[in-house]
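According to TrEMBL, the features are:
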DOMAIN    695-753  domain 'CBS'
TRANSMEM  81-102  transmembrane segment
TRANSMEM  130-151  transmembrane segment
TRANSMEM  181-198  transmembrane segment
TRANSMEM  242-264  transmembrane segment
TRANSMEM  276-299  transmembrane segment
TRANSMEM  331-353  transmembrane segment
TRANSMEM  368-388  transmembrane segment
TRANSMEM  442-461  transmembrane segment
TRANSMEM  467-489  transmembrane segment
TRANSMEM  501-525  transmembrane segment
TRANSMEM  531-552  transmembrane segment
Amino acid sequence: QFTPSSFLRIGQLSNVDLNEDIRELETELPRQYPNEIPHNEKLLSLKYESLDYDNSENQLFLEEERRINHTAFRTVEIKRWVICAMIGILTGLVACFIDIVVENLAGLKYRVVKGNIDKFTEKGGLSFSLLLWATLNASVVMVGSVIVAFIEPVAAGSGIPQIKCYLNGVKIPHVVRLKTLVIKVCGVILSVVGGLAVGKEGPMIHSGAVIAAGISQGRSTSLKRDFKIFEYFRRDTEKRDFVSAGAAAGVSAAFGAPVGGVLFSLEEGASFWNQFLTWRIFFASMISTFTLNSVLSVYHGNAWDLSSPGLINFGRFDNEKMGYTIQEIPIFIFMGVVGGILGALFNALNYWLTMFRIRYIHRPCLQVVEAMLVAAVTATVGFVMIYCSRDCQPIQGSTVAYPLQLFCADGEYNSMATAFFNTPEKSVVNLFHDPPGSYNPMTLGMFTLMYFFLACWTYGLTVSAGVFIPSLLIGAAWGRLFGISLSYLTKGSIWADPGKYALMGAAAQLGGIVRMTLSLTVIMMEATGNVTYGFPIMLVLMTAKIVGDYFVEGLYDMHIQLQSVPFLHWEAPVTSHSLTAREVMSAPVTCLRRIERVGTVVDILSDTSSNHNGFPVVESNPDATQVGWAPLVRGCSWDGLSPPKVFVERANLSLVQRRLKLKGFRDAYPRFPPIQSIHVSQDERECMIDLSEFMNPSPYTVPQEASLPRVFKLFRALGLRHLVVVDNRNEVVGMVTRKDLARYRLGKEGLEELSLAQT
């Protein structure tokens, strides 16, 4: 059993024995081009199953739907709104919990270290302070990393790529479990308190999604409790809609941006969308922001003043000071270009680092050691930078939380410490709002350089952590530097306010790394509470995305690809019209007859060599026309706990046996018992089973001449799991699954086909 590999680890990549190839390479020139390194990103993993977003309209389903009258449907609709409200409230409460705990623990840590530094500055022996700071960081991060590496590896990273895959229709093991949520929340608190270059915003999106999946199913598999509520929603389609609402509520709690949350869910997440859903998701986002706002206001002691809408609050930007003129627009576009190039550099470095982690740092104990190393190095770099900095600013009128004096005169503080000796969220706000002249250009330049590499090294560790805030912080630092140099050049004219350029730099850097456009513009506008910047922020983000995409893809897409997930993009590859369904499909297909021997069904389900889980049901009369489709999900056709064996002795008997109900399937969802757990005796193997109850009598089919883009569009838009390919006599010739479509990708040299691997 190969232990889970590096970071995002939506899955485990096989550790192909790369050492020999690498040794050969090392004897040649030290610099090699990427395509010569033995490398497993050209694989597609067979271990991910697809979710079925298309309801199977079998007899059981249709009978139940016919029984439901108009009032019952109205009750279902009301339940949907209730669930959305609950998602919003709980996501808001989780965000409050994270915020309050981080604030108190980080405050405690910084007070201890500050007291220690102040004591040793006078006596000499500051190396003790460094040791204390590094040890505190490393020990906190060790706890955060151990719980992730050993208990729930899916909780590593920000969780956004996993949620993207889930909403795309890929079943990622354990991604929306309660256990994952608990580890995620504890992990993110510990990694932020441990002083890593991470933010607590990305994981909120994953947390919201887990909350949504849990509430909408009315039960928890981790707790083994079934609350017998919301049973109607126990199927992939309904669960997906609630998960996209949860992701939106997470964004909304993180940034205080409900509209940004809805747009994020639309742009990054949901592959399927409708109007009612939009309204429900907006409702969940609003409730989430409002909950966070009211609880934090009560906590900060001003119960009636709702002043903290999100976990990160960029503070208000004044319109008078901070307007922009027409001649600044080219400057903003130039900043976008810089952000795109830096973002592409960040992603490329992180790509190589992640490849290294997948190959060598795949044992949990090594992952914990690496996380501790990064924590200690982060503290050491911060300490050395503060120690060497001679940038002193007067304390009067400044809003620094933990002013470090070090070697400055009395009444002054070290301005490098405002950037390093603080949680990243506070540092971003300081860079946006500190008055001009608070930072020396040298300080900002050194900070940007060091933090860029620290953040790049940190993203991908086995800890729960987001990349939003570090990106904003890097961007705000170089943006402010840019603003300062502009005011030098223009002899300090009024429009070159460093805070405004810090905001644009932050947008450019984040856009260059994650390549979100629409939702990010709105999130930045909502978080700064300023609509006038909508246009420049949009320009900056568009430029950053265009420039960044020229070099390398966005961070999240890159990590999805590194995990070999069969992810389907919006469109088929542009040059794929020459391929037809016949070339893409999997063949031969295992077919069943409508009335089949039980032994045959058991053997087909037990056969591990067939790589799909759907079996066309065909009539066995001479002109074999196809009737339907039985998604026997490796044993979902009988309830595992008390198998109602729905078969009879001989074929000519009518079924008078005990009928199956849809409830049996719902109670087992989403983990149907495997066929191996069901014992079928030798006599029972000879019995007959009528599949017409469970099969879908009207499956989607395509003719074998259909082109790949056409097949892709049908498959993607309907959220299918299997698509039957028929010939001109309407006989089944093949089957298209997600992996058959995801195999084709546009590479550097045109269309390339990935190989499938059992990793």
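Backbone N, Cα and C define each Cβ position, glycine as well.
Predicted automatically and left uncurated, TrEMBL annotations should be read as such.
Quick caveat, the model's predicted, so the values are computed rather than measured.
The transmembrane segment (181-198) makes no contact with the transmembrane segment (331-353), as judged by fewer than three Cβ pairs under 8 Å among residues 6 or more apart in sequence. Spatially, the transmembrane segment (368-388) is not adjacent to the transmembrane segment (331-353); fewer than three Cβ-Cβ distances between them are under 8 Å for residues at least 6 apart in sequence. Counting Cβ pairs under 8 Å to the transmembrane segment (242-264), the top-ranked stretch among 276-299, 442-461, 501-525, 531-552 is 276-299. The transmembrane segment (531-552) makes no contact with the transmembrane segment (276-299): fewer than 3 of their CB pairs lie within 8 A, with pairs spaced 6 or more apart in sequence. The average pLDDT computed over the domain 'CBS' (695-753) stands at 87. Residue counts of the domain 'CBS' (695-753) by helix, strand and coil are 16 helix, 24 strand, 19 coil (DSSP-based). Distant neighbours of the transmembrane segment (467-489): 158, 197-202, 254, 312, 331, 335, 338-339, 342-343, 346, 419, 424-425, 427-428, 431-432, 436, 439, 441, 444-445, 447-448, 451-452, 455, 458-459, 496-510, 513-514, 555; these residues of the same chain sit at least 6 beyond its ends, with a Cβ under 8 Å from one of its Cβ atoms.
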